[in-house]
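Engineer: Got a structure for you, written out below as C-alpha cells; questions coming shortly.
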Amino acid sequence: MLKIIIPTAMLMPMTWLSKPNMIWINSTTYSLLISLISLPYLNQLGDNSLNLSLLFFSDSLSAPLLVLTTWLLPLMLMASQSHLSKETLARKKLYITMLIILQLLLIMTFTATELIMFYILFEATLIPTLIIITRWGNQTERLNAGLYFLFYTLMGSLPLLVALLYIQNTTGTLNFLIIQYWAKPISATWSNIFLWLACMMAFMVKMPLYGLHLWLPKAHVEAPIAGSMVLAAVLLKLGGYGMMRITILLNPMTNQMAYPFMMLSLWGMVMTSSICLRQTDLKSLIAYSSVSHMALVIVAVLIQTPWSYMGATALMIAHGLTSSMLFCLANSNYERVHSRTMILARGLQTILPLMAAWWLLVSLANLALPPTINLIGELFVVMASFSWSNMTIVLMGTNIIITALYTLYMLTTTQRGKYTHHIKNINPSFTRENALMALHLLPLLLLSLNPKIVLG
Amino acid sequence: MLRRTLLLGLCRGPLGRGLGTHRGGSILDRDGKMSEIKKKIQSILPGGDWNPLYDTSHLPPESSDVVIVGGGVLGLSVAYWLKKLEKPRGAIRVLVVERDHTYSRASTVLSVGGIRQQFSVPENVQLSLFSIDFLRNINEYLAVADDPPLDIQFNPSGYLLLASEKGAAIMENNVKVQRQEGAKVCLMSPEQLRNKFPWINTEGVALASYGMEHEGWFDPWCLLQGLRRKVQSMGVLFCRGEVTRFMSSSNLMKTASGEEVNLKRIHEVHVKIDQSLEYQPVECAIVINAAGAWSGQVAELAGIGKGPPGTLQGTKLPVELRKRYVYLWHCPQGPGLETPFVIDPSGTYFRREGLGHNYLGGCSPTEEEEPDPGNLEVDHDFFQDRVWPPLAQRVPAFETLKVRSAWAGYYDYNTFDQNGVVGPHPLVINMYFATGFSGHGLQQAPAVGRAVAEMVLEGHFQTINLSSFLFSRFYSGEKVQEHNII
C-alpha cells in the first residue's frame, strides 16, 4: 500500500518544483504510472481480503474503487488544463496540489482497515473538495454550493462518529477484518434504531438519497471540471462503499429499518430521472442523473443479497466512468460556447464529428446498453429488488425508460439538428480532449469483456 | 453573582418600566446587540443572500447566456420574445444592459408614437401588421399577475399620405403592395379629400392614401413600461451600466471556396457601472445589439468595420445619430377629432395630440441642414423656416397657431437605406442586430423582436422573412430602399 501512498504524496513536491511548462506533463504522466501500480490489486483471490498491513487492506469491493480513484487523477489533470491556463503559476500548482491531496485521502479511505480511520479520511476529503469548488468555481453561487455541500455532509456524519465510538466501546475493536466475525445480531430497541440511523445517515447524504440530495446539483454545476469529475466519480461512491461496510454490523435490523429509505430511493429514482427531462442546463442534467443512478445503488445495498452487492459494485464503477466522461464532454462544450444551456449549442455533430462519436458512446453507456457493465449492474439490482418485492419492478422499469429518454434527449439536443449560427467558429476538438474521452471509455468497454473484476 | 444580577434585572423589569428606564427591550438586549446578532444569523442561513466577500448586488451577474445591449423598446421586445419562444421554460438567461434608466435620450420615449402599414417594402408592411396585432391584444401578451392592465391609448385615426403629381404613380404601386400584404388602405382623389377633410387645402395634391384600419398613434412610454414589467416577471435581469468592451476570440477558417476568413466570437462583455470605475465582465454566448442610435458605436467596440474599406471586414454598421425635432402647438380653429396623421409631400407631418386642439408635428431636415446631434437642444428657427410654411399652406387654419413646447430626439438612422438591420453579423458570429430602423423602429418593435428571437433560437426566420434586412446587404450593396420615410 505504501507503494501507492508515498508516490502520490510525492507528487506534491514534484508539482511545486517542476518547471512552469512541465507541471502538467509531469503530474499527468506520474499519476498515470501510479494508477498502473494499483492495477495488481484487482487480482483478488477468493473470498479473503488482501491484507497489506495493520492499517490498510483491500478486498474485492475496494480494489475496483481504488483503481478508479487512481485512474481518475490523470484524467482530472488533463481536463483542467484549459480552464486553468489563464491563472498564475502558483494558483495552478495549488490546484494540482489540492487534487493530489484529495487523491491521497481517497486512496487511504478506500483501503482503510479501521473504521475510525475511514471516518477521519472520509471527513478530510471534504476539505480539498470544498476548496476546489469555492475557489475555482465559475459563478458567485459557488459559495452557496460549497456551503450546502459541506454542511449537508457534516451534519450527516457527526452521528456516525458517535455511533462508531459506541461500537468501539461495546465490541472492543473497529478493525474491519475482525469485526465481521465479532458482529452480533442487534435487536430492535430504540437505541439500536438510533444507532442504525446514525451509522447510515452519513452515507445516505453522501450517496445522495433522494430527500437529502439538494447539495448535489448545486455542487456539480458550480464546481470546475475536475471538481465535478471527482465528485461524481468517486466521492459519491464513498457513500456506497461505506454503506456496504457498515451494514455488516447492523444485522438484522436492516430488514425493518430499511423500508423508509427504500421507498425514498425507489421514488426518488423516478423523480430525479423525470427532473432530468426538464433540465435546460447540461451539467444540472448530468448531476440529477447521478442522483438517479446512485438511488439504484442505495436500493441494492439495503437489500443485502449477494447479487445486489455485485450489481451495486458494478454500477458504482460504471457510473463513475460514465458520469465523469459526461462532465468532461459538457465542459468541452462550455469552454467553446461559454454557456451551459443546451439549446444554445445545437447540431454539434456536423461541426465536431469525433466528439459526437464520444457523445454517442457515452450516452449509450448511460442508458445501460448491453453489454456494458452499466447494464450488468442495473440488471443485477433490478433482479435482486424484484426478488425482494415484486412491485418494485414497476418503478425500476419506469426508471430505465426515463433514463433512456433523457439520455437521448440530451444527445439529440446537443448533437443533432441544424447548428446554430453563433457556434460556427468553435475550436475543433483538441487531441487532449479526445485522449481524455478515450481514456474514460476504454476501461468501460474493456470491463464489459471481463466484468468479473468489478463484480465484487 | 450571575444569579444576583439576573434576579435584580428581573425585579427591576416591571418597576423599571414604570420609572421610565429601558422600555420594551429584554434584559439581554441592552445594547441592541442581540437583534444585531439575530439579523446576522438570519442572513447567513440558507435562503438569504449574504455574500461573505463583498456586496455585488449592483453589479450584473458574472455570466449570462444572452446579453442585450440597450434597454429601449427593441431590446425589451427581443428579451420578451426570447423568453416567450424558448421551448423549455427558463432555459435562457437574458441580461439587458441599459445605461440610462430614466430613458432621457432614448429614441423610444421621445418618439411621436405613430404606427402605420403604409410602407413600400412588403416586409415593413408585414412587420407593422403584426405589431398592430400585438398592440391591439397587448393585455394578452404582456399580462402580469396582480398588475393592472395596460392602456396604450391607441388612437386609431389612420395615416394620410399626400402625393404630388410626381409621386402619384409610386403611391399607387405602394398601395398595391400594401393591399397584397393585407393592409386596408384606400386611395383618395382631391375631391374626396376635400369632402372628407374640409380643412385641407388640396393644392398640389394629386393622390392621397388613407389607412382605414390598424393605423394611428399610441403612447410609447406605456409600451416600454409594459414590456419592462412583463420581461422582469419572466426572469430577465436588468443592469444599469454601459458596455465598454467586448472580449472576443477569433478563429481563422476557410470558406467553401477556399478563401480565409477570420470569424470572431464575443465571449465576454465588460459592463461599466455608472459614475464609477467598476466594471463587471459578463461571460456570454450571444450579444444582441439593440442600442438604437448608438448601435454604430457598440458595433465598433466589437470590431465591426475594422479592416480595409470595401471588404466585409471593413464594412461598418451604417447606423448613426440623427436629431429630429418635434413641436407641439395649440390651434383652436384647427382640424377636429378625426384628423389622421397627415404627411405632406414636402415631408412635413402633423397629428392631433389629445382633445384640446393641440397638435404634434415636425419635418425631417434634408441632408444639408442636418442639425448637430451632440445634444438634444431644440432649434425653434427650424420651425419658423421649414415646418410652419408648408403646414400653413396645407392646413390654412394653422396660420394662427401658438407653439407650446418642443423636444428633440434621435433617429437610429441607417445611412445606407433607412431600413432596419436584423440578424447576425457574418464575421462576428454571435452578435445579432436589431437596430437602424430610422424612425419607424417603435412601430415595428414587437415583430422585429420576434424575428430576432426566432433567429437566435431556431437559426432562421420563421414567421416574417427578414432575410433582406441582414447585415450582408451593406457589403453586397443591395439596398432595400424605403420610399415612405418621414
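Each Cβ is built from the backbone N, Cα and C atoms, and glycine gets one as well.
No curator has checked TrEMBL annotations; they are predicted automatically.
These figures come from a predicted structure and were not determined experimentally.
Per TrEMBL, domain 'NADH:ubiquinone oxidoreductase chain 4 N-terminal' is recorded for A:1-109. If you look up TrEMBL, you'll see A:112-402 marked as domain 'NADH:quinone oxidoreductase/Mrp antiporter transmembrane'. If you look up TrEMBL, you'll see A:21-42, A:54-73, A:94-110, A:116-133, A:145-167, A:193-216, A:228-251, A:257-278, A:285-303, A:309-330, A:351-373, A:393-414 marked as transmembrane segment.
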Engineer: Could you tell me what the rest of the chain brings near the transmembrane segment (A:145-167), counting residues at least six beyond its ends with Cβ under 8 Å?
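Structural biologist: Distant contacts of the transmembrane segment (A:145-167): 115-116, 119, 122-123, 126, 129-130, 133-134, 137, 174, 179, 195, 197-199, 201-206, 208, 212, 214-215, 218-219, 221-223, 249.
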Engineer: Mean pLDDT over the domain 'NADH:ubiquinone oxidoreductase chain 4 N-terminal' (A:1-109): what is the value?
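Structural biologist: Summing pLDDT over the domain 'NADH:ubiquinone oxidoreductase chain 4 N-terminal' (A:1-109) and dividing by its length gives 87.
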Engineer: Taking the transmembrane segment (A:116-133) as the reference, which of A:54-73, A:228-251, A:257-278, A:285-303, A:309-330 gives the largest number of Cβ pairs under 8 angstroms?
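Structural biologist: That would be A:228-251.
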Engineer: Take a look at A:21-42, A:228-251, A:257-278, A:285-303, A:309-330 and tell me which one has the most Cβ pairs under 8 Å to the transmembrane segment (A:393-414).
Structural biologist: A:257-278
Engineer: Out of A:54-73, A:228-251, A:285-303, A:309-330, A:351-373, which stretch touches the transmembrane segment (A:257-278) the most, going by CB pairs under 8 Å?
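Structural biologist: Of the candidates A:54-73, A:228-251, A:285-303, A:309-330, A:351-373, A:285-303 scores highest.
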Engineer: Give residue numbers and ranges for long-range contacts of the transmembrane segment (A:309-330): same chain, 6 or more residues beyond its ends, CB-CB under 8 A.
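Structural biologist: Those are 61, 64-65, 68, 72, 75, 79, 220, 225, 228-229, 232-234, 236-237, 240-241, 244, 282-283, 286, 289-290, 293-294, 296-297, 300-301, 340, 355, 358-359, 362, 365-366, 372-374, 376-381, 383-384, 433, 436-437, 440-441, 443-444, 447, 451, 454-456, in sequence order.
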Engineer: Short question: which residues 6 or more past the ends of the transmembrane segment (A:228-251) have a Cβ under 8 Å from it?
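Structural biologist: Contacts of the transmembrane segment (A:228-251) (Cβ under 8 Å, skipping residues fewer than 6 from its ends): 61-62, 65, 68-69, 72, 75-76, 79, 99, 102, 106, 109-110, 115, 118, 122, 125, 129, 167, 176, 179-180, 183, 185-186, 195-196, 199-200, 202-208, 219-220, 257, 283, 286-287, 290, 294, 297-298, 301-302, 304, 309, 312, 316, 319-321, 323-324, 327-328, 331.
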Engineer: What are the DSSP helix, strand and coil residue counts for the domain 'NADH:ubiquinone oxidoreductase chain 4 N-terminal' (A:1-109)?
Structural biologist: 79 helix, 5 strand, 25 coil
